[in-house]
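The compositional bias 'Low complexity' feature in Swiss-Prot is assigned to 191-204. Feature annotation from Swiss-Prot assigns compositional bias 'Acidic residues' to 256-277. Sequence annotations record features per position, and here Swiss-Prot assigns domain 'RRM 1' to 2-79. Summarising the annotation, Swiss-Prot assigns domain 'RRM 2' to 314-392. Sequence annotations record features per position, and here Swiss-Prot assigns domain 'RRM 3' to 501-573. Annotation source Swiss-Prot lists domain 'RRM 4' at 621-704, citing sequence analysis. According to Swiss-Prot, the feature domain 'RRM 5' maps to 719-796, an assignment based on sequence analysis. The feature region 'Disordered' is assigned by Swiss-Prot to 87-138, 150-169, 178-229, 241-280.
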Amino acid sequence: MSRLIVRGLPSYLTDARLREHFSQKGAVTDVKLMRRPDGTSRKFGFVGYRSEQEAQQALDYFNRTFIDTSRISIELAKKIGDEELVHQREERRNRRNAGAGPEGSASTSDARKRKADKSDTQQEEGSGKKKPKKGGAISFEEFMSVMQPKAKRKAWQNEDALPEQTMQDIVAPEEAIQKKAARKALKKADAAAAATATAESTAAQPDSGREETPEPDAAANDVGLTDEEYMRLRMKHRVGTDLDTLEQSSSGPEFEQSDNEKDDDDAAADSDPESEDEPIHDQGFECKQAEMQRKAQQAAEKDQKLVDQIMESGRLFIRNLPFAASGDEILAFFESFGTVKQVHIPLDKQTKASKGLAFVSFSDPAHALAAYRAKDGSTFQGRLLHLLPAVNKDALAETGSKKTATLKQARAEQKKQDATKDFNWSMLYMSSDAVASSIADRLGVNKSDILNPGANGGADNAAVRLALAETRIIQETKEFLAQQGINVDAFQGAKGPRSDTTILVKNIPYGTSAEEVEKLFGEHGEVDKVLIPPSGTIAVVEMPVVNEARLAFRAIAYKRFKGGILYLEKAPVGLLTQHKVGEKVVKQAPIVGKSIDSSNPSVDLDGPAGAGAGDEAVDGATLYVKNLSFSTTDERLTAFFHGLSDFAFARIQTKPDPRRPGARLSMGYGFVGFKSIDAARTAQKAMDGKVLDAHTLVVTFARRNAEASTTSISSGGSTKILIKNLPFEATKRDIRDLFSSQGQLKSVRLPKKFDNTTRGFGFVEYSTVREAQSAMEALKHTHLLGRHLVLQWSHLASSTQQQVDMQRSKTKQHFVNTHDNAARADPSKRAKIKLNSAQISEAIKQAKRQRDDVDDDE
C-alpha cells in the first residue's frame, strides 16, 4: 500500500502545507485533507507516494512526530472494501440500532424524564414556586372550574389549593394507571366510531317528532383525562392515521365490547405493554423497503450496462492517475489480467504533460472485465483509481466510414492498420533501385554497369550482383548505426517488444535528406532525432512524445513519397542504447560516410570473447569455472583471475535474453585461459573453492571437445549454414556466387523435388568457422530476387542426420546377418539377391549424389 492516513493534524493545516511536509521522504502523488460540509477540517487526511517503499519510509520517519504543536499518528491506509473496515462499520451500526431500539428508547425517555423531574425539583426548591406543566391536568381543572355555572360552584372552595391537590394527583402512582385505562378506552371508542360510520349514515332515521334528550357527559367529570384526550373524544372525525382502526377492524371489532372481548384486549395489552404507544403497521418502513429495492434494481441495471460496454469494447477509461505515470508502468499494472494491446495517455497540447487520464485496451474483453472488477478503487502510486468502460473508437470510425469509403480506400486503411502489427518485411529492407543508385553514385558509374551481367568479370546474374551490393550497403549501415549509439543486435529480435517512439523508415528513395524526413514527420509532432546512413536507403526517426509518434505512424505508413511508397516499422525496444533527452536532430548527408572494410569482420570467432581476448591460451590450459553468480560480469571474473601468472583471458558464457532484445544473460559458468599448462594447474589448485560474489567457485580443467561443442551451440560456431526462403528460380550457381564472396565454399546443396524443381531451401558449407560466421553476419539481411534470405546454423540438422545414418547402419547389419545365417543353414538352396528397404534407400541416396556431382560439373 503506497497510501498513508495521517491523524491528529492541526485544524488550520492546508493541503499545500501537508504536501510540503511529507515531500521530505519521497515523491508525493496525492494529498487529501478530509473536511466537513461547512469546510472545517476533520483533523485527518491521506498522503500518497509513488511506491510502497517510499510510503513505508515516510511512515517510519513521520509517525508520532509533530506538525507545529500537534502530534500526528500515521498508518497505512486500508483499501476500499477492506474486511476490517466493513466489520468496524457493522459494529457501529449495531451499537446505534441497540441504542435506538425499544429498550434503548425507553431507557432514554426515562432518563430524560428523570432529568426533567430533577430540574423541576431544583427549580421548585430554589424559587419556592412550581411552574405548571403545559397541557397537563392542572390546566384542564382550571378550565372546568371557570366554565362551571355559579349555581354548581361551592362558595367555600379554596381555589388556591387546587394546584397543590392536582400535583398530588399527578405524583400519585394511580394517575399513570388511569391514563393508561383512558388511552385504552379512547382506542376502543375510535375503533367503534370508525366501524359504524357507514352504518350510521345509511341507517333509518329516528322518529322526527321525538326529541332526543342529551346524555350526560361523563368524560367532562373524568379528572384523569387531559385536554387533548377530551377534545379527541368530542371530535367527529379523527385527526391522524387510521392504522390503528384498520388493525382493530382486521381483528374483528364490534360496536360494543363484551366482557370476554375486554378480557382479551386486556390480555393483549399485558402481553405487549408498548402496543398502545407504537403503531402496528409502519408505512414509513414499507416505503423505505420499496425505495431500497428500487435503488438496488437501478444499481444492478447500471452495473449490467457497464459490463455490456466493457464486453463490447474491451477498453477501460482510467481516471485520477498520477501525472508522472508512464505507459510502461500502467501496462505492468494491468498486464497481470491478460494481454494489453495498447495504453494511451492523453497529453496537453501545449505542455505535453499528462492529464491524469488513460485508456487501456485488452485483447480479450473478459480480461478487461476482470481488471475492472479488481482495480476499480484500488491504489496506484498513492492514488485511488476510478475505472469506467470506454467506447471502442475503431468501431465508431468503421461505422462512420463504411458508407463513404470505396474498395480502394478500404484496402489502404486495412494496410495502415496492419502496419501497426507484426511487420513482415526485413528490418533493414532497402529498395533495390536505391541500392543500385547508391553503389553507382559511389563508384561513379551508371546503374546499367552495376547490373550488366559479366561486367568486370563478376557474377553473370544481375540478381546476384544486386544482392552483393545490398550486402555491402547493409554492412555500412550497421556500422554507421553502431557509431550513433544504435544497438545493432536489436535488429535480430524480430519477435520482441517494439518501441512506440522509434520508427524505421524503409524504401526511401536514394538522395533523401534528413531535413526532408524531419519535415515529413514534423507535421505530426516534435522530432527528436533523425538518422540517415551514408547510403541514404533507410532512416531512423525518434519522436519523444508517444501519442505524436503513433499519430505520425498511422498517417505516414504506405504514403507515397518521391515516387515511392514508404514502409514504416516500429523499432525494437532497446535500439537506442545511448539516447540523450533533448538531443538535437542529427542531419547526415546522404553520401557522406566511410565504408567499412569487408575483410575485417566485426566478430572474431576463433579468439575467446570477453576481457583479455587479445591474448591466446595454449591448448589444454583453459579452466572451466562453475557456480558463478548470475550477476558476475566478464570484468569481475577477469579482475578475480588477473593477478595469476600467465593469465590470458576470462569470459562468461551467455545466452540471449528473451525479454530484452539485444541483451544477454549469464549461464552461470565461464572459462579462464592461461599461456602455459603449468600456470593453469597452479591457478586451478589456488582458485578452486574460492568465493566470488557470495558463490563458491568450482574450478576444473576444461575438456576441449565439450568446450567446442558448447561454443558451437551457443555462438553458432558451425561451418554449415541452412538457407531458407530461397526463390524457386534460384540456381546452385547463383547461391555459389552469392556466398563465395564471404569465403571458400566446400559444398552447395539445393534439395529438389521429383520434378527437378527446388524445394525453397538449401545448404552451404564453408572451410572454416570464421568464414561461415562472416557470411552469417553479412548476408542475414540480404534479399535475392525480392526474397529475404533466412539463415540458420545447421549443426542441429547435422547431428540429427548422424543419428539417422547410425540407425540405418544398424538396421542394415541386422538384415545382412539374418540372410547369412539362413544361407548357412541350407547351402543346397540357390541363393537369391534380396534388397531390403535400407539397401534400396542407400541406392537412391547414391544416385542423388551422382546427379548432384553432374550438376556441379555443369
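Placed from the backbone N, Cα and C atoms, the Cβ positions cover glycine too.
On this model, are these features tucked inside or out on the surface, and what's nearby?
Residue counts for the domain 'RRM 2' (314-392) by DSSP state, with H, G and I taken as helix and E and B as strand, are 22 helix, 25 strand, 32 coil.
If you take every residue in the domain 'RRM 3' (501-573) and average the pLDDT, you get 86.
Across the domain 'RRM 4' (621-704), DSSP helix (H, G, I), strand (E, B) and coil residues number 20 helix, 34 strand, 30 coil.
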Across the domain 'RRM 1' (2-79), what are the DSSP residue counts per state (helix, strand, coil)?
22 helix, 30 strand, 26 coil
According to DSSP, how is the domain 'RRM 3' (501-573) divided among helix, strand and coil residues?
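When I sort the residues of the domain 'RRM 3' (501-573) into the three classes, I find 20 helix, 24 strand, 29 coil.
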Looking at 314-392, 501-573, 719-796, which one has the highest count of Cβ pairs under 8 angstroms to the domain 'RRM 4' (621-704)?
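Stretch with maximum Cβ contacts: 501-573.
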DSSP-wise, what's the residue breakdown of the domain 'RRM 5' (719-796) into helix, strand and coil?
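Per DSSP, the residues of the domain 'RRM 5' (719-796) fall into 24 helix, 25 strand, 29 coil.
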